[in-house]
Amino acid sequence: MLAVRNRTRRNGIALVALIMLISLVLAGAAFALKAAGDSRQAKPMAQRGELDVRQWNFGEDGILKLNGEWAFYWNRLLSPDDFAADRVPQPGGYFAVPDVWTGYRVEGKRLPGHGYATYRLTVKNGGAPVELALKIPAMAPAYQVYVAGRTVAESGTVAADKERSRSAYRPTTVSFIAPAGDFDIIVQVSNYLFARGGMWFGLELGTADRLHAAREGNLAFDMFFFGCAIMLGLYHLLVYALRRSDRSALYFSICCLLGALWELVVGELYILQVFPDASIRLINSLGYLTYYGGVAFVALFMRELFPQDFSAKVIRSLAGISFVFMASAVVLPIEVYTRWISVYHVIAILGGFYFLLGLMKAIIRRRTGALLQLIGWMIYMSAALHDILYNANVILWLDKQLTPYGLFILVFLEAAELARRFSRAFGTIESMSKKLLSMNRMKDEFLANTSHELKTPLHGILNMSESMLEGAAGSLNDVQREHLGIVVSVARRMSNLINDLLDFSRLKHSDIPLNSQSVDVRSILSANMEIFRHYIRDKPVTVKLQLPERLPNVHADENRLLQIMYNLIGNAIKFTPSGEIIVTAYPEGNRLRIAVSDTGIGIPEDKRDVIFQSFEQIGTSVAREFGGTGLGLGIAKRLVELHGGLLTVDSEVGKGSTFSFSMPISGETNPVTSIVATSDQIIVYNSLHAELAATSYEPSGNHEGNKYTILAVDDDPINLRVLMGVLANESYTVRTASSGEAALSMIAGGSPIDLVILDVMMPGLSGYETCRRIRRQYSVVDLPILLATVKNEPEDLINGFEAGANDYLTKPFYSHELRARVRSLLEMKRSAEEAVRTEMAFLQAQIKPHFLFNTLNTIIATALDRPQMTYDLLMELSKYLRNSFDFGNRDKNTSLSKEMELVEAYLFIEKARFGNRLRVVYDLEDNLDGLLPPLTIQPLVENAVRHGLTKRWTGGTVSIVVRSTDRGIVIRVHDDGAGIPKEKLDRIFEARQEPGGVGLRNIQQRMLRMYGYGLEIESETDRGTTVTVRIPTNPTGKG
């Protein structure tokens, strides 16, 4: 901690010393310039309307600014004739020029911005007449200048009213003969456009040669600055276009372009040389825009250079204020937006000091380049401060505006800082590139070495497995033979992948020798058609050869040519869901062109170059849907290039693709060609077909007495076989599906499923989406789902659980882990079912207290005068209670006849209570019976009586309809009572069940659990309600 404080203290001392050093250097330069100025004759100043130049030699002493006190005549347009009369007009005062007249006071009153006036300066000249020149800047919106009694210049139209006044910018330099003795310079000015009028800039008097030389010097520097700013701006704009992550180049580019535009619209107004008719509104708005925009983008640029040292809020506020002022200069009248320029001057000055403060903080924190920036900003602000004092006639010893030079130095230093940063970034990238190249070489070596090391044990596994299949270790039963076949198939796939990796490594280092000879293309393609077709398996795809009768031989390596064809045809089969693949060949000059066309999914135009890169495919979704490693096309392309050809693709999305390449035609007529596929080639094929085909395996047999049924879903048939083998000794019935769509069809098809083992990465419908669709009908308790995934990152697991999975298993997995997780989920399901059955037994034993009380009251009321009715009520109540208090009944289902017996008992009791207000209609199909969940119909009937009919004084009718269909039994309970409002109907299953009864929500949940669908309710207010229950013949759930 102490060391940090000491270091901070040392940094502060160093910064103070640096600032003092810079200040001393600037002060020394100022004194040196002052001394140079003092060596010349002091410049005369206008005093009380007179300027004495009798001691000033314009040829030797140079140009003289006509600054100082001029005679001022407010609201009067005077000409030389007015001063030639005997009575000379008296001025309203003597005021400083250049300045705005809103700062003058005439007769004790401050002048308004709009109006007109005359300025007069008497120049005392001695000696003989001399030729002089007068430089007149764009000092007012309208002016007229008289020198020695004649008009020498005018801009716009000076008038005493706004209607006749015309504004224009016309800076000029005029020559005249200055008479011996005194002569007057009279300037008429009118302003009805800007917020402040007056002579904004001073006139300059000197010889024509001196003024011309000064203008040429200014022009040279201005054009040099303009050219540099344009080049830097366009260059950094191009840099930003190539590297958009770094906005410092963009902001600096905009600053440079604004600086270039600023040179055209201020000072000499060079824009008028290009656009002579440019309006004063356009020129003035551009000038203000460059000022406001420069401050805004400089602020953003500084924040981009040193983001940790400049507050984002301060910079955004400054930029936001500047953008508001920029908008005002575009949309508001000149008079409005020029009124607030003084306010923005203050904001800009505060912003400049904030820049200095931020750069000082950056220096203390040892930010690279901050010192250079601080020096540039101190130079620029010193130059700006000088010009402010110079224009206020405080500094007179240096007859020069320094802001353009300070700005040029600042821009140069900013560009140098960006160049340093780009250079450092390039150096970093170069260093990283070397490291990446080194790591890439290490990766290639690792792949090559690992592939070689894997190849030997893999071939050992393959050879031993094949020998056992051939009976070398004795006879095998069917299960053992099937399992060994899976081992051989997996080993062949692995061998093919290792061969691809080895070829990939060799091709990168051009280490594949070609055994080129004359090859009969027609013969080898025809001989290998069986292998090509074998790729297809069960896909609705056909492979056709369309070759001419006479086809020249090619000079190529036969094995590599076949490898190219395997890769191209295998790729076409993989990405063609259905259709045909056509192989064609035809001479093309001295080469033979071979093409493979398919009717598959096609390739987007922007992906056609990507697919030939190693480990690349069209996109992640395509890779997941169709599989593969992305090596095949890259290897094929390099093999074609080794033969001196080029592999090209022509494709249209949704219609198919055509891959073609050419081989040199051989001059030999008797080629040595193998027309039979070798065993190695068949092994390569067999290892590929499992990757290209999607197969669904049914279980080998359903074991009687198996307690649970498991559905395994995976697009890889080998994985399905492995799962079946691992679970074979667990007395489970294992069913398989090769896709999410097939799994959903099996679940909805009527077969009971207790557990789903679901692979995440599957073609078409992913495991996540399949899980979500299952959860639309089955809860996590009704149908547990175990996700199998190769990734176990937190986000992957979260996605799985959010989709509705109960558990996950990471591939590759251990068999005992799989069995343990399966047992855990099935035990959870069994416990949940047991709890549901216990809950149902308890619900069956419950009865609403008020129903019992009402029934007893009805029995008491009929006991004296209607004993038979009392007897019948007691019998029906006994029947009702017997069914309701059946605690031992924990069966999932009850018979339809038993459920209807409970309904009839209930309705008999309620009808005795309500009399003619309750009418009952039974429409039951004869001799119809079946199984359904207990307490399904009676609660619906009770709900119809209590909530539908008894709410109406006139009562109503309850209809119970039971019919059989080809899919099961349909039960409808209808009442013509009060009905259910739509807003309540939409939320009817959200309500908790009522205490002491079985509610609609309970019935709905049991229906969904058992059958996969629930109740159908139709209701209309004051028209009644119909509830439909569908009991399938073969339920899909298991309770």
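Indices start at 1 and increase along the chain as displayed.
A Cβ is built for glycine as well, from the same backbone N, Cα and C atoms used for every other residue.
Residues or ranges marked as domain 'Histidine kinase' by TrEMBL: 449-667, 937-1035. Residues or ranges marked as domain 'Response regulatory' by TrEMBL: 709-826. Among the features that TrEMBL reports, 4-aspartylphosphate is placed at Asp759. According to TrEMBL, the feature transmembrane segment maps to 223-242, 249-272, 278-302, 314-334, 340-359, 371-390.
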Residues near Asp759 (4-aspartylphosphate) in space but at least six apart in sequence (CB under 8 A): Val713, Asp714, Asp715, Asp716, Asn719, Gly767, Ala788, Thr789
Residue counts (helix, strand, coil, in that order) that DSSP gives for the domain 'Response regulatory' (709-826): 53 helix, 25 strand, 40 coil
Per-region confidence, the domain 'Response regulatory' (709-826) (mean pLDDT, whole number): 83
Contacting positions for the transmembrane segment (340-359) when only residues 6+ beyond its ends and CB under 8 Å are counted: 288, 291-292, 295, 298-299, 302, 306, 309-310, 314, 318, 321, 325, 328, 370, 373-374, 377-378, 381
Remote residues contacting the transmembrane segment (278-302) - C-beta distance under 8 A, at least 6 residues beyond either end: 141, 167-169, 193, 247-248, 251-252, 254-255, 258-259, 261-262, 264-266, 269, 271-272, 310, 315, 318-319, 322-323, 325-326, 329-330, 334, 337-338, 341, 344, 347-348, 351, 355, 358-359, 373, 414
Summary of DSSP states over the domain 'Histidine kinase' (937-1035), given as helix, strand and coil counts: 29 helix, 32 strand, 38 coil
Outside the transmembrane segment (314-334), six or more residues from its ends: residues with CB under 8 Å to it: 193-195, 281, 284-285, 288-289, 292-293, 295-297, 299-300, 302-303, 340, 344, 347, 351, 354
